[in-house]
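A short write-up of the structure that comes next.
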Amino acid sequence: MEAAAGERAEPGNLAGVRHIILVLSGKGGVGKSTISTELALALRHQGKKVGILDVDLCGPSIPHMLRAQGKAVHQCDNGWVPVFVDQEQSISLMSVGFLLENPDEAVVWRGPKKHALIKQFVSDVAWGQLDYLVVDTPPGTSDEHMATMEALRPYRPLGALVVTTPQAVSIGDVRRELTFCKKTGLQVIGVIENMSGFTCPHCAECTNVFSSGSGEELARLAGVPFLGSVPLDSQLTRSLEEGRDFIQEFPKSTAYSALTSIAQRVVHRMSALCS
């Protein structure tokens, strides 16, 4: 993996990771962790080996979405061994949720302690060989984002996915997120609009619960790619609540088509960053 200009990446536990993707959102509640989880599953079904690093320290929801809560993190000579969420060991996950004695325990830490854990997650987790490392970040632009960027900056290619919903208030937050990417030199892979209409489970008709097309218009104005829209889907919601593989179990759903298409576009965009 190449180092950024003026920096040198020391050999370490990210040496076998080919691509790193940060998933960002300007505000909470837009389905950022949903997109991170389903992107990882879609990439796995394309034959990729994927890791998920959950640095949303105060809201670690991905272990539940992948039915991995309660699993233990073990030590090896190279550091922490991530939790494998499938028998094939094609998706590995590291989250603060595995380090809490009680899953309902609140993480009430000051900045330095959060920074130290994020740095440890980046340097001390034995990821092995991965095609993609998906990093699920907290909402907004906080100290955790800066700590994550500083830890990952020496590694390339590194890009960001920005998740939004159609509402105007969410779009305004995404503008600030794109400004954050520009100021920190983080390349934007593209914008994803989540909750883009509701798909009826009976007739498959899509109804716009909110406005429509705002994410695509924002991407156009910002000069970044628009990767697609994901509709509200009751099957997707149920899969996340039950920790099931939506991509495998519901290939005929509208959300499946959207998510797999987005995953393919992400692969193409990350390949372009390598060239």
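Quick reminder: no glycine exception, Cβ is built from N, Cα and C everywhere.
Quick look at what Swiss-Prot annotates:
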MOD_RES   Met1  N-acetylmethionine
BINDING   Gly26, Lys27, Gly28, Gly29, Val30, Gly31, Lys32, Ser33  ATP binding site
BINDING   Cys200, Cys203  [4Fe-4S] cluster binding site
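Positions of the features from Swiss-Prot, shown on the structure.
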{"residue": "Gly28", "record": "ATP binding site", "Cβ contacts under 8 Å, 6 or more apart": "Gly59, Pro139, Gly140"}
{"residue": "Gly29", "record": "ATP binding site", "Cβ contacts under 8 Å, 6 or more apart": "Pro139"}
{"residue": "Gly31", "record": "ATP binding site", "Cβ contacts under 8 Å, 6 or more apart": "Val163, Thr165, Asn194, Met195, Val230"}
{"residue": "Lys32", "record": "ATP binding site", "Cβ contacts under 8 Å, 6 or more apart": "Val23, Leu24, Ser25, Asp136, Thr137, Pro139, Val163"}
{"residue": "Ser33", "record": "ATP binding site", "Cβ contacts under 8 Å, 6 or more apart": "Asp54, Asp56, Gly59, Ser61, Ile62, Met65, Asp136"}
{"residue": "Cys200", "record": "[4Fe-4S] cluster binding site", "Cβ contacts under 8 Å, 6 or more apart": "Cys206, Thr207"}
{"residue": "Cys203", "record": "[4Fe-4S] cluster binding site", "Cβ contacts under 8 Å, 6 or more apart": "none"}
Going by DSSP, is Ser33 (ATP binding site) sitting in a helix, a strand, or coil?
helix
